[in-house]
Amino acid sequence: MSNQLNRTKIITILVLLIAALGIMAAVINFNQKDNVASLELGNTAPDFTLKTLDGKEVSLSDYRGKVVMVNVWASWCEPCRQEMPAIEQAYKTYQDQGLVVLGLNLKEKQVPIQGFADTYGLTFPILLDTDGKVGTDLYRVRPIPTTFFVDRDGILRNKAETPMSFSYIEGIVKPLLEAGR
Amino acid sequence: MMTASSIFFGATLVCYFISTILYVLGVTGRKMKIAAGKANIWTKWGYIFSISGVLMHIAAMITRGVGAGFTPVSNMFEYMSFWAFTIMLAFVVINFFYKVPGLGAFVVPVGLTILTYASVFPREVKPLIPALQSYWLSIHVTTAALGEGILTISFAAGLMYLLVVTDLAKQPRSAKFLEFIVYLFTALVSFIAISLSFRIGGYEVIAQTAEGAAQLYKMPPIAGPSGTDLGSLTTLLGVSLPLFNAPGWMQGTDSAIQFNTIIWTVLGSLVLYGILRLIARKPLVAVISRWVRGLDEEMLDELSYRAVAIGYPVFTLGALVFAMIWAQEAWGSYWSWDPKETWALITWLYYTAYLHLRLRQGWEGVRTAWMAVAGFVVILFLLVGVNLLISGLHAYA
Amino acid sequence: MKQVQAETQKKKQKSLFDHIWDFFASVKVAIVIIILLAVTSIIGTIYPQENAIPSPNPQFYYADTYGKMGDLYYRLGLSDMYNSWWFLALVLLLAISLIICSIERVIPLYKSLKNQPIARKVIAIRGDRLYANQSEADQSRIDQLAEAFKKKRYKVRREGNALLAEKGRLPRFGAYIIHIGLLIIIAGVFVRLIPGAYYSGMVWLKQGERQYIEDVGFGLQNNGFTLEFYDDAQTRVKKYETDVAVYVGDEEKATKHLIVNEPLKFNNTLIFQNSYDPNPMFKRGKVELTDKASGKSYGTFDINFDDPKPSYQVGEYTLTMINYYPDIKVDPEKGGVYTNSRDPYNPGLQLSISKPGMEGQTQWMMPLAPFVEEMLGKEYQFKLKLVQVELFNMTGLHLQKDLGIPVVYAGCAVVLWGLVLCFYYQHRRIWARLEDGELHIGANTNKNWIGLNKEFNKLIATVGIDPVTFKPKAKKKAAQQAKQLDTPQSDAPHGKEGTEK
């Protein structure tokens with residue numbers, strides 16, 4: 001009788017403790033849901049097709065064999081404005097060696113983007129991600145600017161979540177350009 | 001309607017005031033010495049004035065509600081007034097069954113104080129913002145206030161119990177604690193008196209610091225916001241203010257003003273306490289403990305517990321369950337850890353601990369009486385402190 | 001508790017599980033957990049929690065607003081305290097304590113009430129606080145009493161010359177009903193952990209905009225938002241309401257004129273009118289081009305401020321958009337201009353106005369900053385005037401899906417039921433026994449002796465016994481001794497009512 005009682009107690013305690021630990025794990029997992037896993041470096045960068053400011057359709061896979069820098073930006077974002085001249089400079093400097101810059105604008109409209117590109121004298125292609133399908137959903141960009149670096153084989157090699165300087169870009173892009181040769 | 005309401009409100013204040021005086025005279029008067037613990041002519045009339053006060057109070061609230069077009073529990077004035085009402089209502093009802101004349105001498109002054117505190121807040125009727133346009137709001141607030149009113153009776157009975165059982169000469173520590181409780185009451189009174197008088201005088205000083213936003217002082221700034229030049233703000237009776245500044249780590253938006261209010265309250269209470277002490281020429285608790293002579297301690301202990309036993313379910317219903325339903329309706333989430341909500345939970349947990357200690361651990365008498373007294377401090381913080389010191393969703397008013 | 005310990009000590013050794021069991025079965029431990037919960041909850045109210053701060057960057061907000069203390073508060077994780085693992089652990093400890101405490105006491109209480117003797121010893125009945133007797137009585141008295149008890153809705157059981165009448169046994173379990181209710185509430189809160197059972201989020205919709213919310217499986221469209229104030233100065237809001245439509249795919253599934261406090265329910269999801277953007281946005285406008293000097297009008301054009309066209313035609317004039325800033329700001333340091341957001345709160349247009357044979361003239365237009373426009377525009381040949389404009393406020397809808405809500409409400413109902421049983425009802429028992437021709441009647445209750453006394457007197461009057469009054473509670477030591485002697489009275493070894501009057 002008392003043995004049986006003891007067993008009931010043991011089972012009750014075990015069930016309660018396991019349930020408690022399970023709930024704790026579930027809650028901790030629940031609270032971290034917001035931090036969706038970001039893209040993993042070393043994998044193939046997801047392909048996408050978007051319209052450019054000039055009305056052409058452009059895919060990431062079109063640039064296989066080149067080093068591609070995908071810069072996600074918006075004109076209302078101050079650090080984005082800061083880094084634009086550096087990006088433009090890097091594009092001009094390394095264009096011949098096989099660097100492509102794709103300026104992926106997040107959810108803005110044609111006319112303000114055009115004005116911005118003219119003001120800053122941007123010469124690289126600007127892609128219009130009007131509903132955030134590529135930037136927010138596919139590439140899971142949280143803060144902007146965020147820049148992705150894709151090597152000549154289409155592999156995602158690096159990611160920057162800060163405004164970049166020219167030397168910063170150079171530090172990442174140069175090895176990628178040289179590696180492909 | 002609003003004029004009628006104001007008149008009724010004034011009449012309520014007068015009734016409670018007269019009732020307080022009658023009760024205090026009744027328990028200190030000579031007749032008390034003859035028939036210890038029994039009702040006398042003074043306390044009888046005190047009770048009658050309490051009842052008429054409650055009736056006036058009902059009239060004041062009904063007229064205000066009709067005039068405004070909604071249940072008058074939407075801002076601090078209305079809410080504090082309602083709380084005073086529930087305290088007095090609980091007192092009138094409980095006193096009918098328990099007939100402890102001395103109880104009035106403790107409860108009615110509390111009710112009067114709370115009602116006076118209500119007058120510190122602006123009285124104009126403001127139309128309701130959309131989130132408050134819900135009948136759940138009225139249900140939640142009135143039930144919660146009723147629970148808090150009943151729990152206040154527990155405090156009064158607990159305090160009386162302590163005064164009865166404490167031998168002031170032989171238990172100096174308890175005597176000091178009780179004296180401190182009396183001091184806290186003078187602090188509450190002086191805080192209200194100071195706020196009220198400066199408000200009536202329309203006192204306002206704007207303090208502008210180099211970096212911070214302008215701060216509107218409603219009391220003379222003894223302590224300015226950190227970074228103010230001393231004596232630069234204003235003068236009071238020839239003294240240049242501020243005398244000193246709030247310490248630098250007080251960086252909250254209103255913390256300098258709150259700090260200043262606390263200084264005023266401490267100063268005011270020391271003056272008030274000093275005067276009373278001079279008149280009495282002995283610790284105030286020695287005076288007050290005479291009021292309860294001859295009362296049955298067990299009955300007071302029972303009354304204090306019984307008030308919790310009645311008030312706790314009402315509080316649970318009003319301050320937690322109805323609050324959750326309203327929050328779900330208005331904000332789409334039944335619980336959001338808003339400070340007011342959290343403090344309601346803290347109060348509930350406190351009284352839960354009280355009940356378990358009393359019913360399961362056999363705590364009785366002195367220990368639970370102290371808990372009942374401290375419980376009033378918790379309620380006071382829930383209703384007044386949270387609004388003064390912490391802001392949250394309930395900071396509408 | 002002492003009895004439990006005594007019992008367990010009999011078994012030679014206590015296992016780890018016994019220790020755990022005893023730990024959670026202790027009321028002291030439960031009280032400590034309750035007090036810990038209360039005290040830690042206080043800490044979380046010192047500063048606002050992260051869900052209540054007006055900033056998306058808590059790491060800076062606390063330091064900026066509350067100084068060093070605020071920074072420390074954030075670093076210690078107190079700014080999101082109620083989601084912390086240790087607070088959660090406290091809640092779970094409370095739940096385990098609730099379960100084990102209840103099991104520990106409900107079973108003995110149930111057994112003892114079930115097995116309570118009908119015939120009590122006369123000496124015990126005499127010891128009851130409410131006691132009456134009658135000499136020269138016989139069996140018929142017991143029959144009369146049984147009848148009278150039944151009329152008062154007592155459950156009457158008899159055994160020879162003894163009788164036990166009982167009423168309100170359930171209130172004895174009131175405290176445990178409260179515990180079960182609390183457990184249901186806690187379970188209801190954790191329902192959100194089930195995938196798909198919980199979603200909470202805000203949706204901001206412009207006029208006419210439709211957004212699809214993946215987590216709840218439908219889209220919402222704003223078909224019109226109205227905002228009203230009580231006063232002309234627009235300081236106190238009277239109402240804000242949205243005509244909202246629910247879409248699944250391209251099919252409209254439901255519509256509602258959504259007002260605060262009255263949500264729309266669709267697919268287990270509640271849609272609340274939560275807030276609105278106090279800053280209005282520009283939607284469409286009509287712009288008139290005039291000659292600045294003469295005031296002569298050249299005509300008008302319509303503009304969509306959210307997505308303007310690259311150029312407009314007014315008569316023979318072509319207006320080309322050089323730059324468009326939906327929310328223009330002037331950089332005070334560098335003197336440049338930029339847009340502060342992607343939405344047209346404060347549009348700024350830089351246009352080039354030309355006609356065949358006339359070189360383009362660059363000109364600014366800022367409807368909300370006429371002074372800036374004036375300053376810049378001293379040399380302008382033309383004037384661009386907004387003659388008609390449609391403004392709107394974004395509506396903020398809150399979506400809440402929580403399948404745990406009914407569970408929580410059910411738990412609340414159970415708690416309230418338990419509270420009512422526990423505090424407003426009582427368990428009354430009356431024993432009668434005939435011995436040596438004398439009738440002894442004793443009564444016991446867990447509360448409200450006055451009420452029982454009244455009822456008792458009415459009942460004994462039926463057999464012709466004069467009214468009695470209950471004895472005052474025996475004082476401390478005497479009371480404890482009485483309890484030990486009189487076993488039926490303390491039938492539950494830990495019956496909470498034992499200590500109550």
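Glycine too: its Cβ is placed from the backbone N, Cα and C atoms.
Keep in mind it's a predicted model, so treat the numbers as computed, not measured.
Here is what TrEMBL records for this protein:
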type: DOMAIN; residues: B:74-185; note: domain 'Cytochrome c assembly protein'
type: DOMAIN; residues: B:293-394; note: domain 'Cytochrome c assembly protein'
type: TRANSMEM; residues: B:6-25; note: transmembrane segment
type: TRANSMEM; residues: B:45-67; note: transmembrane segment
type: TRANSMEM; residues: B:79-98; note: transmembrane segment
type: TRANSMEM; residues: B:103-121; note: transmembrane segment
type: TRANSMEM; residues: B:141-165; note: transmembrane segment
type: TRANSMEM; residues: B:177-198; note: transmembrane segment
type: TRANSMEM; residues: B:257-280; note: transmembrane segment
type: TRANSMEM; residues: B:303-327; note: transmembrane segment
type: TRANSMEM; residues: B:342-357; note: transmembrane segment
type: TRANSMEM; residues: B:369-390; note: transmembrane segment
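Under the criterion of 3 or more C-beta pairs below 8 Å, with sequence separation of 6 or more, the transmembrane segment (B:342-357) and the transmembrane segment (B:257-280) do not qualify as touching, having fewer than 3 such pairs. Remote same-chain partners of the transmembrane segment (B:103-121), defined as residues 6 or more beyond its termini with a Cβ less than 8 Å from a stretch Cβ, comprise 12-13, 16-17, 19-20, 23-24, 26-27, 43, 46-47, 50, 75-81, 83-84, 87-88, 91, 94-95, 152-153, 155-157, 159-160, 185, 188-189, 192, 195-196, 199, 291, 303, 384, 397. Per-residue confidence over the domain 'Cytochrome c assembly protein' (B:74-185) averages 88 (mean pLDDT, predicted model). Within the chain carrying the transmembrane segment (B:45-67), a Cβ under 8 angstroms from the stretch's Cβ atoms is held by residues 1-2, 4-6, 8-9, 11-12, 15-16, 18-20, 22-23, 26, 39, 78, 81-82, 84-85, 88-89, 91-92, 95, 101, 104, 108, 125, all 6 or more beyond its ends. Sorting the domain 'Cytochrome c assembly protein' (B:293-394) by DSSP state (H, G, I as helix; E, B as strand; all else coil) yields 80 helix, 0 strand, 22 coil. Distant neighbours of the transmembrane segment (B:257-280): 183, 186-187, 189-191, 193-195, 215-224, 246, 250, 286-287, 388-389; these residues of the same chain sit at least 6 beyond its ends, with a Cβ under 8 Å from one of its Cβ atoms.
Only residues 6 or more beyond the boundaries of the transmembrane segment (B:369-390), in the same chain, are considered here, and those with a CB under 8 A from a CB of the stretch are 76, 79-80, 83, 117, 148, 151-152, 154-155, 157-159, 161-162, 165, 177, 181, 184, 188, 258, 261, 301, 304, 307-308, 339-340, 343-344, 346-347, 350-351, 354, 357, 363, 397. Within the same chain, residues 71, 73, 79, 82-83, 85-91, 94, 100, 102-103, 106-107, 110, 174, 178, 181, 285, 288-289, 291-293, 295, 297, 300-301, 303-305, 307-308, 310-319, 322-323, 344, 351, 365-366, 368-373, 375-376, 379, 382-383 sit at least 6 positions outside the transmembrane segment (B:141-165) and bring their C-beta atoms closer than 8 Å to a C-beta of that stretch. Tertiary neighbourhood of the transmembrane segment (B:6-25): same-chain residues 42-43, 45-47, 49-50, 52-53, 56-57, 59-60, 63, 81, 84, 88, 101, 104-105, 108-109, 111-112, 115-116, 119, 123, 291, selected by CB-CB distance under 8 Å and a gap of 6+ residues from either end.
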